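Participant: Quick one: this structure, given as structure tokens, is what I'll be asking you about.
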Amino acid sequence: MSNLALTKQLPVKPKKARAEMAQIIGFLILLLVTVAMIMPLWFMLSTSLKTTKEMLAYPPSFIPDHFAWGNFKELFINTDIKFGRQYMNSLIVGVATVIGTVFSSSFVAFGFARYRAKGSTFFFMLVLSTLMLPYPAIMIPQFLLFTKLGLHDSLLPLILPSFFASAYMIFLLKQFFTTLPNELYDAGRIDGCREIRLYWSLTLPLSGPVLATVAIFSFIWSWNDLLAPVLYLDSQENFTLPIGMAAMLSSKFRIAPWNLMMAASLLSVLPIVVLFAIAQRRFVQGIVLTGIK
Amino acid sequence: MSKKTGKFMLSLTLVFGLVATACSSGGGSGSKDGETVTITHYTIDSPDRTFVEKLIPDFEAKHPGIKIKVTKAPYEQFDSKLQSSIAAKNAPDVTSHWGYGGFMEYYNKGMLMDMTPYLDGFKASDYNIPDDVMNIYKVDGKTYGIPLNSYVTVMLYNKDLFDAAGLQYPPTDYEDKSWTFDKMVDYAKKMTVDSKDLAKAQYGVDFGFGERDQRPQYFGADVYSADTWTNGGKPSEINLTKPEVVEAYKKIYGLIWDQKVSPTPAFSKSVSGQFGDPFLSGKIGMSVVGSWSLAASSNFNFKVGVAAVPQGPNEKVRSVLYVDPLFILKDSKHPKEALEWIKYLITTEVQEKSIELSGGNPPVNQKAAEKYYSNFEGIDPAQIKQVFEGAYKYGFESYNHLISNYSQINELFINELATVENGDKKVEEVLPSIEDKLKKLLERVNK
């Protein structure tokens, strides 16, 4: 019996060994990919700590000879750069855009998801069709509008549009809201909820994942937006980070300060990394539930 | 969601609204404040341009009725912001062609104001601006721009590589006719190490004479018909398939692929990034380049010298001039005041001050230029002066300032010649197709 058991177990051994080998190879491949992914980040960090002379040296060094921590300080004290101010402006625009987008888009999406009326499908298609309009097509009319309103060279033209909902976010939120069971709403109505309470006290609290997704998307878009700030903002005090960083490479007559640029890049990815780290679980859940990628 | 949370979110929204409003500069251009007139000066957001802000207090003290507001954009977005400002009737008063577009593009789009009526009593000589430089921005006797800075093409060389190869430094005198293109190639051969190992490879010369369509001019050939320079920058004929132009391009790209003394685009990008100058890596012996590269010379990791561009087949042209003017835009409501600001910027005193404030912009005012020549550490001022004077004498204004719709033309040349630069195609194969495409482009844009 015991012999039989041994003979039966024999073929298992190479299988296990093969599986282990496959695991090791898989691990090595993953390790290589990870290194490849980390390399640009490492280079960004390394360049941000180099002096101008070392930055220009060829072949480039992976670890700086002298850590020039002063580059980070330079960003904040150099009055030509005004990095701190631009960082604050980007944060203001980003946070306000998130608030605007989340509330306005969810409100509209709630309407489309929960109510049927004559022409509601048509209007939903109409909203979706605005997705096909590229920003440059509406750029000049919108610019004229905000200039006429006296809002040129202020942060408001970057924030206000987000309070009028975004077609993409409406679509994303509607997808989620339609999955909420009707029975919940019926129960709410029986308990005396008005329609606005159904939105505020029932729909929003149940939509954490999709709201996190909308928040992250809208923050990233606002954080990275360059074209609209370039159009609306004239004074350096009002510039957002993308303009400030593009301006660092503006001079064709000077050596581009890549070390400062990399220090600025490192600091500029921080809010997105932090936001993603906080909302990661809900964000992934949101993408899965809405079927949006 | 509880009532408390709702109220909190609402308050947060309002607070952000308030903060954002507080961060605005008040909106609107506010061009008039009683008797005071505000002039908007639009420039690239780069220290060598925005330094003008430091001159404003002095100007405003001397001109109590005029205020100056500086607006800026990054280089890449300079043109698009300017175009949308003009479309929205919010155009600045004073600017220059600091983006991709050039003077003729602005002129043909009707963006520029004819300054002639306001120039009564204005003499270029009062500001030490040479007449031929002043004439660059005149069309049919009307002045559309007043020169501010003048860059030229120079040859920078790496003294360390010259010393290592035991070569004599090239001359600074444009009249020294022994310094020829062929001699430059000989020198370059002695400094070149054509290796696939990037750490070992180094090249003798990087020949960046003007933009790609202007380079044949150095060899005595011209891509565009002669009427281009008199009819508002609209070439009636393209000469890309003429034998002398083909030969010129063969010589230019032969430096990379036949003589192998110039870096390939792949090498340049490897050592200096997408838009960087490979000369900075210390692996190029000589670089024919715009004089703006001089401004960074103190940061080079090697000893640098400046020399005359060698004598080529064209005896008249050896340098491309890049004269940056200041324009008053057509929609300006205060051209007189705008002109006061421009005149202030070209006075000897302000031009001298601007050299230091800008970090080394070459003044158009020749008296102030004396100070500019002594601005570069480790380079003899007399040598720089000699190189600049020779470059002015044998200079031709950059095509990008003189040809209409230049940004599109330049893009076409960059894209189409990339295959030659990368060694995938021969010059003869590519030029006929560029000529066809260019003709079609010109037909479309110059309608």
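Every residue, even glycine, has its Cβ placed from backbone N, Cα and C.
Note that TrEMBL annotation is computational and uncurated.
According to TrEMBL:
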- A:21-45: transmembrane segment (TRANSMEM)
- A:87-279: domain 'ABC transmembrane type-1' (DOMAIN)
- A:91-110: transmembrane segment (TRANSMEM)
- A:122-146: transmembrane segment (TRANSMEM)
- A:158-177: transmembrane segment (TRANSMEM)
- A:198-223: transmembrane segment (TRANSMEM)
- A:258-279: transmembrane segment (TRANSMEM)
Participant: So, taking each listed stretch (A:21-45, A:91-110, A:122-146, A:198-223, A:258-279) in turn and counting its Cβ pairs to the transmembrane segment (A:158-177) that are under 8 angstroms, which one gives the highest count?
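Facilitator: Per the Cβ count, the answer is A:91-110.
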Participant: Using a Cβ-Cβ cut-off of under 8 Å, list the residues of the same chain that are 6+ residues beyond the ends of the transmembrane segment (A:91-110) and lie near it.
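Facilitator: Contacts with the transmembrane segment (A:91-110): 127, 155, 158-160, 162-166, 169-174, 177, 199, 203-204, 207, 211, 214-215, 218-219, 221-223, 229, 240, 271.
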Participant: Using Cβ atoms and a strict cutoff of less than 8 Å, what residues sit near the transmembrane segment (A:258-279) while being 6 or more residues removed from its termini?
Facilitator: 44-45, 47-52, 55, 68, 71-72, 74-75, 81, 83, 87, 90-91, 94, 212, 215-216, 219-220, 223, 241, 244-245, 248-249
